[in-house]
Amino acid sequence: MTPKELVQLAVEAMGRAYAPYSGFYVGAALLTEEGRVYTGCNIENAAFSPTCCAERTAFFSAIAQGERKFAAIAVVGGKGGTITETAPPCGVCRQVMAEFCPPDFPIHMGGPDGRIETVRLRDLLPYSFSPDHVK
Ligand code: THU
């Protein structure tokens, strides 16, 4: 699965976003080490704080199915579902990634015109609190 293919799956997932309050649609596609893909979209709530980001929806969906080893994630987002710039994962989602993924875990962010920017988890969340601190 190429980054481009994974981003395309994230774009499709973005179409399923439930974001009536912000109008900001996000989609994510999470690739397991064995090649399976779990997608997620943001799911908002009238009470606001129960809102779940697309990345966490994808992670929690995969983890609930027994997955534990992940190879990459693609993320896209934009107001009304129009991608005008890359949408970096929020801090909470970065922390969830740090729980399950190694420091070199790649995050592919889809931008306009099919552009893809890839960053590593260690660069998005340096000096992180990790499972090793607790175990
Ligand atoms: N959102 C995500 O889905 N992922 C992120 O990493 C950042 C924010 C969602 C949450 C909310 O529904 C909307 O984008 C606006 O913040």
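The backbone N, Cα and C atoms fix where each Cβ goes, and this holds for glycine too.
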_Which of Cys52, Cys53 belongs with Cys90, Cys93 in the Zn(2+) site listed by TrEMBL_ = Cys53
_Taking every protein chain in this structure into account, which of the binding-site residues Cys90, Cys93 has the most other Cβ atoms within 10 Å of its Cβ?_
Cys93
*Can you check which residues sit near Glu55 (active site, proton donor), meaning Cβ under 8 Å from its Cβ, same chain, 6 or more apart in sequence, and list them in order?*
Val26, Ala28, Leu30, Gly40, Ile73, Val75, Pro89, Cys90, Cys93, Val96, Met97
*Counting each residue once, how many in the domain 'CMP/dCMP-type deaminase' (1-132) are helix, strand and coil under DSSP?*
42 helix, 37 strand, 53 coil
